[in-house]
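Single-structure report; data block below.
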Amino acid sequence: LPLLLEATLLRLAGGSHHPFYNGFYYNHIMNDKGNGQEKVVYFNGAKLVVETPKDPVYSSNGANVTLPCHYHYEPDLEGKHKIRIKWSKLRDDYTKEQDVLVAIGKTYMAFGDFRGRAHLHQAGRREASLVVSDVRLQDHGKYRCEVIDGLEDESDVVDLRLQGIVFPYQPPRGQYRLNFHEAERACQEQDAILATFNQLFQAWSEGLDWCNAGWLADGTVQYPIRLPRKPCGGLHLAPGIRSYGPRHRHLHRFDAFCFSSALRGEVFYLDRPAGMTLEEAKQSCQDVGAEIARVGQLYSAWKFLGLDRCDAGWLADGSVRYPIAKPRANCGPAEPGVRSFGFPSRGRFGVFCYKER
């Protein structure tokens with residue numbers, strides 16, 4: 001990019017915590033009649049309107065997604081305008097923004113994790129849609145589409161949601177051993193991230209019932225209850241999400257609720273007549289060009305691919321589990337789910353392997 005244009009793009013991106021304005025606020029100017037009423041002045045004679053979908057846009061891990069954004073003028077303006085466009089990723093509480101992409105005309109610059117994955121889709125007239133390729137778990141969230149025409153600056157928000165599954169997780173050390181940062185790492189090691197409240201709520205509405213409290217991405221500790229019972233908040237409380245509220249991220253320790261999305265590959269089962277130790281299981285997966293599966297991968301294969309296996313197998317964290325899509329005799333409870341034998345210190349089992357397509 002020419003240095004001047006690059007500097008302009010960077011300056012446009014740098015205002016990520018505030019609306020863009022050229023040194024003063026321009027939309028609302030007090031009239032001089034002294035009656036305290038505002039009149040709105042649009043410097044180009046027309047109001048700039050930015051529109052995005054009101055309903056969430058859904059995608060999945062590894063897919064490509066388009067976040068629609070269009071703008072127009074009221075009344076309509078003819079002729080071309082030198083439009084500047086900025087996309088930002090917002091926190092759920094709107095208190096912080098992450099720069100995604102800025103553009104002037106057909107020249108654009110993407111930032112951070114979006115570099116090489118984000119570009120504008122401007123096939124239609126007055127379109128400012130954002131295309132994100134190779135969607136990642138961390139891309140889930142709200143995005144602001146901001147359009148700047150001279151002194152006019154308007155924006156709207158798109159909600160990108162990943163289709164996925166929430167699962168409770170505790171490490172081999174046992175229950176309530178993770179502070180917030182350890183919970184983040186534990187989910188990442190299982191091909192997942194800490195779930196948001198909205199993701200946990202969706203899982204609860206689909207039937208998740210878990211009595212152990214776990215960290216969420218916002219630093220709160222909560223747990224979902226479908227069937228009220230004495231050890232889980234009491235019989236007198238209605239079903240719902242029980243909350244401990246925000247906890248100290250270093251000192252307090254709980255389990256974690258992790259979120260994983262659709263797989264880029266496949267999970268399959270290997271066995272030997274005499275079973276395998278954990279180390280033998282890891283080697284067996286490597287021998288067939290795969291790796292031992294992680295917990296999030298097993299849950300995703302069960303949820304999205306209908307993986308059903310009534311044989312226990314090792315996973316990468318040292319746990320032994322098996323997925324049941326069609327409940328039947330001798331395969332655990334009457335509901336579908338991923339069954340767990342915990343973290344056996346000895347024993348010989350099969351193994352679940354994962355291989356990318």
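Cβ from N, Cα, C; glycine included.
If you look up TrEMBL, you'll see 47-158 marked as domain 'Ig-like'. The feature domain 'Link' is assigned by TrEMBL to 165-260, 266-355. Positions annotated as disulfide bond by TrEMBL: C211-C232, C310-C331.
Cα separation, C211 (disulfide bond) to C331 (disulfide bond), rounded: 22 Å. In this view, C331 (disulfide bond) is surrounded by 15 other Cβ atoms within 10 Å of its Cβ, with every protein chain counted. Helix, strand and coil residue tallies for the domain 'Ig-like' (47-158), in that order: 6 helix, 60 strand, 46 coil [DSSP]. Sequence-distant contacts (6 or more apart, same chain, Cβ under 8 Å) of C310 (disulfide bond) comprise Y322, I324, R328, N330, C331. Within 10 Å of the C-beta atom of C211 (disulfide bond) sit 14 other C-beta atoms, taking all shown protein chains into account. With a cut-off of 8 Å between CB atoms and residues at least 6 apart in sequence, the same chain places C211, Y223, I225, R242 near C232 (disulfide bond), listed in sequence order.
When averaged over the domain 'Link' (266-355), pLDDT in the model lands at 97. Residue counts for the domain 'Link' (266-355) under DSSP, split into helix (H, G, I), strand (E, B) and coil, are 21 helix, 26 strand, 43 coil.
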